[in-house]
Amino acid sequence: MKKTKIVCTIGPKTESEEMLSKMLDAGMNVMRLNFSHGDYAEHGQRIQNLRNVMSKTGKKAAILLDTKGPEIRTIKLEGGNDVSLKAGQTFTFTTDKSVVGNNEIVAVTYEGFTSDLSVGNTVLVDDGLIGMEVTAIEGNKVICKVLNNGDLGENKGVNLPGVSIALPALAEKDKQDLIFGCEQGVDFVAASFIRKRSDVVEIREHLKAHGGENIQIISKIENQEGLNNFDEILEASDGIMVARGDLGVEIPVEEVIFAQKMMIEKCIRARKVVITATQMLDSMIKNPRPTRAEAGDVANAILDGTDAVMLSGESAKGKYPLEAVSIMATICERTDRVMNSRLDYNNDSRKLRITEAVCRGAVETAEKLKAPLIVVATQGGKSARAVRKYFPDATILALTTNEVTARQLVLSKGVVSQLVKEINSTDDFYRLGKDVALQSGLAQKGDVVVMVSGALVPSGTTNTASVHVL
């Protein structure tokens, strides 16, 4: 059984009910809507289509809204045509948005471009394909030396590696997009270009103000500033997306894998979900099979401990969206089989909180008894994530009376969530847990299961782990 979850970006190729149903069958767990593209009518229809499929089939999936985020882009060029730049030439950026650009100058969307940069800084355009060095700053112009040949286009992203920029966490478009997400009842927001804790706080306040207090925030780490402030960002977020595309432009490419490993490890310790994203099966946008390196990249992220791996263009616009999900699911399943539990008996001398100690003990018991299932009663999902932290061989069955929690746990590795009407007592939980375990096929008659519960009130302390035979 696949434990690692798959996030699929949905686009024109995959938005129909028929395709969404096939994607769910192939292994999709979360639908990602990329708000850098598309309008509300398109995204609203995709949400409706997925909900129709879930209601008809009983399949489960969560919905993630990915914001465009604060970014710097080039503006107009003469005739809308790309211009060729040559290594060694002088090129100018201006904050005067009325300027129509050519092969010597282009306007950018960010007013603070001149004040944030210094002579000697690097400017990268179009995902780093064109590099420039700042040689002078004059009024509203930044004058650069072009470092390599390349074609510059309109509306291309501009990165300033190592530069702290004063862009707001929420652009006006993002604010409207988040209100749309609140109205639609999405489960997660992936917040782009998060640089510091206050960015997350601002987004959370905006969500709360529009009825989205239950939406979980997944912060995307895409630049050096986000890495520098990672601990405070993690503390304020519900999860992290390792967004390797922009990150690989902002920091040296050889550093990306180490940043990935650091972020995943810290998320595991903090019991926060983590998604590894970008270019995972990139060649499958055009080809029916991935490269060996891509397959290894997916497996490596799973071995690092990621909750989920993500498809972007592969599932949104590629030629082989279904094949991409199927192959990714196969890699997940194969790699999940060799994942060892992480109890770290010898290295862990920390004093644990009650919930953590009970959940750790439950995993230890399940490992020793070779139990196929750990059943957890959870209101907000914390107990299920506390068990997941130790990567048990057993599947985690999370019973909850909270519909939002049931959907959000879809993103957590190794967790199968089940919505139940009520849990009135510990005995009630034991009875329900055994019934669901058998009905779902996650365990068979005669199997040993470990059951974890606690105070049956919202956010109660988990304080009991017990062993049962079905």
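Easy rule for this one: first residue shown is 1, then count along the chain.
Glycine residues also receive a Cβ, built from the backbone N, Cα and C atoms like all the rest.
Substrate binds ARG32, GLY245, ASP246 as Swiss-Prot records it, and from the list THR67, THR74, THR276, THR278 the residue named for this site is THR278.
Taking a C-beta cut-off of under 8 Å and a sequence gap of six or more, ARG73 (ATP binding site) has these contacts in its own chain: VAL108, THR109, ASN155, LYS156, GLY157, VAL158. Under the three-state DSSP scheme, SER36 (K(+) binding site) falls in the coil class.
DSSP assigns THR67 (K(+) binding site) to coil in the three-state reduction, placing it in neither a helix nor a strand. Cα to Cα, THR67 (K(+) binding site) and ASP246 (substrate binding site) are separated by 14 Å. Here is what falls inside 10 Å of the CA of ASP246 (substrate binding site) among the binding-site residues PHE35, SER36, HIS37, GLU222: GLU222. Separating the Cα atoms of PHE35 (ATP binding site) and ASP66 (K(+) binding site) is a whole-number distance of 6 Å. Cβ crowding, taken as the number of other Cβ atoms within 10 Å, peaks at THR67 among the binding-site residues ASN34, SER36, THR67, THR278.
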